[in-house]
Amino acid sequence: MFDLNQSLFLRALRRQPVERTPIWIMRQAGRYLPEYRKVREHAGDFLNLCKNPELACEVTLQPLRRYALDAAILFSDILTIPDAMGLGLYFAEGEGPCFTNPLQDTKAIHTLKIPSIPESLSYVFDAARLIRQEMPKELPLIGFSGSPWTLACYMVEGGSSRDFKRILNLIYTEKEAAHLLLNKLAVSVTAYLIEQIKAGVNAVMIFDTWGGVLTPQNYKDFSLAYMHQIVQQLKKEYPDIPVILFTKNGGQWLEWMAETGCDALGVDWTCDLASARKRVGGKVALQGNLDPAVLLTTKNCIRREVGSVLASYGYGTGHIFNLGHGITPDVPPENVAIMIEAVHEISPQYHL
């Protein structure tokens with residue numbers, strides 16, 4: 001039987017020698033694929049797709065059939081936890097995620113219940129079990145969650161936001177309530193990731209999409225502290241499951257992030273990979289960081305930019321190739337193939 005620990009992805013995460021740089025793509029199951037759009041249409045809407053384990057399994061497997069990727073990522077949404085807490089998640093056309101019951105005041109935070117994760121999010125774990133059963137045995141499956149801070153942003157703002165005025169007001173004027181909310185979310189995220197691991201995921205990633213809007217001190221207090229808490233709990237129960245942290249626009253805080261005990265850091269395209277490696281490469285693996293906009297260009301440009309990312313990281317293991325954020329819906333699928341082929345062709349020279 002194939003030992004998943006021998007997969008390129010898990011070896012690179014643990015900074016063990018690899019023959020070439022592994023690659024997967026944030027949002028690799030997504031709207032850029034015509035086959036995904038067909039399944040989503042059949043599901044009726046995005047949330048139905050997330051809540052149907054068979055359909056979630058199908059869209060998770062689609063990019064693996066099309067491309068030689070080194071990992072799959074569970075198809076779900078970061079806002080499943082707030083939905084399970086009773087906030088009423090829905091997706092408005094052209095607006096992204098919204099809540100019918102956002103947290104309007106501190107009373108709502110105090111009365112917010114921590115849900116029973118195994119029951120309320122069973123559809124996620126059913127999907128994970130099904131995917132693990134159906135996907136290639138030699139490929140790892142990545143589970144994920146939003147960070148407590150990022151979930152809190154959506155829950156207090158009521159959806160996406162340009163300026164995050166409400167949540168920032170909360171952390172400045174109602175610190176105690178903010179910490180209460182973040183602690184409830186940290187407990188929920190920990191339970192959520194543990195259930196995903198029990199269902200068969202081989203690594204987990206925490207997406208801190210909005211950590212980069214904070215001041216350095218507020219990042220430490222309101223985002224990093226809670227991710228640290230989650231990593232410590234996960235490592236206590238599952239020391240061998242790698243944990244990846246990703247704070248978008250958080251390149252200035254890599255040293256702090258590396259102190260959490262995580263195994264890898266995601267870096268976005270605004271961060272220089274060579275200097276990131278100098279700063280934290282002795283402690284953690286690095287994942288990233290091609291600018292997603294490159295996939296809208298030409299074959300020559302894609303190959304050149306892939307080469308630049310690989311050269312920037314340099315020789316040796318500890319690098320997982322990825323985009324600096326999620327792939328956009330307008331990317332031609334053939335350009336993804338060009339990127340993957342380029343990683344396969346160019347990266348072996350860095351692993352001699």
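Here, residue 1 is simply the first one shown, and the rest follow in order.
Cβ coordinates come from backbone N, Cα and C, glycine included.
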Looking at the substrate binding annotation from Swiss-Prot, with Arg27, Gln28, Ala29, Gly30, Arg31, Asp77, Tyr154, Thr209 already listed, which candidate in His319, His325, His344 is the matching residue? His325
To see if you understand the setup: which same-chain residues, six or more apart in sequence, place their Cβ under 8 Å from that of Arg31 (substrate binding site)? Arg37, Arg40, Pro329
What's the CA to CA span in angstrom from Ala29 (substrate binding site) over to Asp77 (site 'Transition state stabilizer')? 12
Integer Å distance between the CA atoms belonging to Asp77 (site 'Transition state stabilizer') and Arg27 (substrate binding site): 10
